[in-house]
Amino acid sequence: MSSHGNSLFLRESGQRLGRVGWLQRLQESLQQRALRTRLRLQTMTREHVLRFLRRNAFILLTVSAVVIGVSLAFALRPYQLTYRQIKYFSFPGELLMRMLQMLVLPLIVSSLVTGMASLDNKATGRMGMRAAVYYMVTTVIAVFIGILMVTIIHPGKGSKEGLHREGRIETIPTADAFMDLVRNMFPPNLVEACFKQFKTQYSTRLVTRTIVRTENGSELGTSMPPPSSMDNGTSLLENVTWALGTLQEVLSFEETVPVPGSANGINALGLVVFSVAFGLVIGGVKHKGRVLRDFFDSLNEAIMRMVGIIIWYAPVGILFLIAGKILEMEDMAVLGGQLGMYTLTVIVGLFLHAGGVLPLIYFLITHRNPFPFIGGVLQALITAMGTSSSSATLPITFRCLEEGLGVDRRITRFVLPVGATVNMDGTALYEALAAIFIAQVNNYELNLGQITTISITATAASVGAAGIPQAGLVTMVIVLTSVGLPTEDITLIIAVDWFLDRLRTMTNVLGDSIGAAVIEHLSQRELELQEAELTLPSLGKPYKPLMAQEKGASRGRGGNESAM
């Protein structure tokens with residue numbers, strides 16, 4: 001008995017000492033960091049300042065562009081510019097969007113093909129499974145945060161009569177929307193997939209139906225006479241009697257039928273599916289696919305060189321994009337009342353997910369400080385805020401992760417294009433939150449089953465968003481239809497969607513970036529084995545470009561991201 005008591009006492013003492021030791025180590029680490037910062041400030045010279053400015057020129061210019069753009073927009077609002085004048089003013093920003101969108105298509109295809117071809121099937125399968133688990137977990141958490149925030153804050157309290165409606169929403173049946181998603185995964189024409197997506201359209205046709213009624217009002221449904229008897233005279237008499245005792249009624253009505261159609265825009269989902277399959281096949285044929293492998297690798301390098309040129313224009317474009325959007329707002333007063341509370345709820349939810357959940361996942365898996373990493377992708381985040389498209393931000397995200405943070409290119413070339421297409425944490429959070437907000441303004445009480453339906457539908461619908469601007473409004477129709485909420489009430493939140501769209505795009509891009517770092521950390525063993533195999537003399541040459549990493553950037557990331 002005494003030995004058992006002593007063991008319990010020793011175990012509790014050990015746990016207490018462990019907790020004290022952890023706190024002490026954390027305190028010592030913070031003190032050492034503060035001391036290093038103090039020494040760095042004391043020994044700072046003009047040369048150090050210039051080196052810092054050169055190293056962070058992109059980020060400083062981009063942040064300055066955002067501040068100047070917002071200030072310039074509010075300074076010009078009193079002049080009440082016309083729509084044409086605002087479009088002229090926003091023209092430099094439109095040029096940036098067109099430049100980035102020009103690079104999206106070749107970048108997605110070349111990066112996915114080279115990334116898949118550089119890994120064997122077993123390593124690709126494991127990486128794909130980890131990416132799928134990460135995407136699903138973060139999306140489900142985002143939906144849960146959105147539901148929790150809108151339930152706690154309850155921004156829809158009151159009547160919707162005071163809310164301003166704006167725009168029109170096309171109603172799309174849920175089944176047709178999901179079938180379009182699957183259809184777009186397998187485009188019949190790859191050339192057409194570069195500029196068009198399949199989208200179900202609807203037409204009406206006139207249907208005529210003849211209804212036969214008897215004297216007592218019963219419906220026979222057809223105008224055929226009763227069967228004839230053996231006696232011709234009796235048969236004729238019965239037919240005359242039947243005709244006199246019946247009434248034919250012709251009904252005509254219009255029926256809405258689905259027909260094949262299309263919508264302008266890159267079919268990113270179909271190109272991703274094809275590129276992944278094509279890259280796996282090239283990797284499987286080994287030496288026979290060397291020419292194709294080298295071609296797509298050279299194409300990817302050329303595209304990244306073009307990104308390096310365009311990136312210097314990004315601050316100018318972002319300045320005019322943000323300023324133009326603020327100038328387009330007709331009335332800033334729409335941000336008050338219920339809509340203001342709704343906007344605040346979305347911002348809080350996105351902040352909790354992007355500033356809390358995603359960094360926590362990064363820290364728990366990699367055991368590194370997540371905030372230097374987030375600082376490394378800051379330019380991609382600001383670009384996402386300006387363009388409101390995770391696909392258009394993809395070239396900048398590649399540059400930040402590969403050249404700035406030294407993430408393995410075999411990981412980024414697989415994770416980033418797929419993530420920009422299907423991993424939409426911010427969109428999923430927004431859709432779940434907005435659906436419950438619309439239920440609240442209609443005084444509609446949702447039960448647990450309906451909230452669960454919203455969660456599942458928002459998670460699935462976010463996959464089909466495909467990184468296009470304001471896709472959340474389109475997929476929102478699916479979520480509302482699943483629980484019978486009025487889809488026309490989406491017009492209540494359109495007035496602030498341009499702003500919230502930028503914030504959720506930033507969340508999407510951050511989720512993709514952290515996902516790439518997490519999957520790289522979990523795939524270290526496969527990457528090292530693959531590198532050892534590919535450095536053999538018989539296989540070395542074709543794969544060397546893929547294994548060339550930015551050593552300086554990698555060392556910078558290792559020095560900055562020290563464990564907390």
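From the backbone N, Cα and C atoms, a Cβ is placed for every residue, glycine too.
Screening ASN232, ASN560 against Swiss-Prot annotations picks out ASN232 (annotated as N-linked glycosylation site). Here the transmembrane segment (99-119) lies next to the transmembrane segment (295-322) in space: the count of CB pairs under 8 Å, restricted to residues six or more apart, reaches at least 3.
Neighbouring residues of the recorded Na(+) 1 site, listed in sequence order and excluding GLY419, ASN423, ASN508, ASP512, comprise TYR135, SER390, LEU416, ALA420, VAL422, MET424, ASP425, VAL509, GLY511, SER513, GLY515 (Cβ within 8 Å of the Cβ centroid). Sequence-remote contacts of a segment are chain residues at least 6 beyond its ends whose Cβ falls under 8 Å from one of its Cβ atoms, and for the transmembrane segment (56-76) they are 89, 311, 314-316, 318-327, 375, 378-379, 382-383, 385-386. Note: the stretches the transmembrane segment (344-365) and the transmembrane segment (411-437) are in contact (3+ CB pairs below 8 A, sequence gap of 6 or more). ASN508 (Na(+) 1 binding site) has a Cβ environment of 28 other Cβ atoms inside 10 Å. When the neighbouring Cβ atoms lying within 10 Å are counted for each of the binding-site residues (GLY419, ASN423, ASP512), the highest count belongs to ASP512.
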